[in-house]
Amino acid sequence: MEGKEEDVKLGANKYSERQPIGTSAQTDKDYKEPPPAPLFEPGELSSWSFYRAGIAEFVATFLFLYITILTVMGVSRAPTKCSTVGIQGIAWAFGGMIFALVYCTAGISGGHINPAVTFGLFLARKLSLTRAIFYIIMQCLGAICGAGVVKGFEKSIYVQKLGGANFVASGYTKGSGLGAEIIGTFVLVYTVFSATDAKRNARDSHVPILAPLPIGFAVFLVHLATIPITGTGINPARSLGAAIIYNRQHAWDDHWIFWVGPFIGAALAAIYHQIIIRAIPFKARA
């Protein structure tokens, strides 16, 4: 009986060498917060991995815009909605591409594919200002190229069908559009923080593997909710790429919403996760 009681007390720890490394590596007690990224990191500019990460962000955002805007064009040009994938299909295209692309690029660049995500992670000191600016530039360039390729394929109807550009729909105010973008981006960036939390990764070995799934699913759900309001931006690069290639006045009239809204949403998500959920500033004082 003593042997059985001992097994119960020790549990899986008795056979710690058989546990997955990620699960047993650290506990809440011995977990140490990684140091914040420096504001400027001059050494990055001489590192190939820095430029490789930027190229990965460019290619990922290019593919993201190509597939998603092409899906939007397919729905727009159909004579009846019953013959297309509809809004649900558009939402799946956006969410599914984020899932696939985050999975592919997370180990290279972190799989941001979105200036709002990059901005939120920068505020949380997860990357340097140098890298954040470089990522945002590459994301915007990739988005412009992706939308440009779609226009090349769909020249006859691209402008007629609004080019997948974001603008506030008729019947909604600019304030409503801004609110939708703030809340939608908050959902996305908060999911990114939670899915990639280093503390959770240390406790649960499955978290890093599953991270792209909740992020992609968050994008899918936000699109379902806000496509009727703004066409769903929550990604300034996506909105910029479509606006530049479409290049009509009504897209530019509302364009500020698709930068201001996502950046506010990302900032709120960073503050909420770092200060409220993780209480990092309070731990630093302890």
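Cβ atoms here come from the backbone N, Cα and C positions, even for glycine.
Per TrEMBL, the features are as follows:
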REGION    1-34  region 'Disordered'
TRANSMEM  55-78  transmembrane segment
TRANSMEM  90-113  transmembrane segment
TRANSMEM  133-153  transmembrane segment
TRANSMEM  209-229  transmembrane segment
TRANSMEM  256-277  transmembrane segment
Remote residues contacting the transmembrane segment (133-153) - C-beta distance under 8 A, at least 6 residues beyond either end: 50, 53-55, 57-66, 69-70, 73, 109, 112-115, 118-119, 127, 163-164, 236-238, 240-242, 244-246
Same-chain residues near the transmembrane segment (55-78), Cβ under 8 Å, at least 6 residues beyond its ends: 84-87, 89-90, 93-94, 97-98, 101, 104-105, 108-109, 111-113, 135, 138-143, 145-147, 149-150, 153-154, 157-158, 161-164, 237-238, 241-242
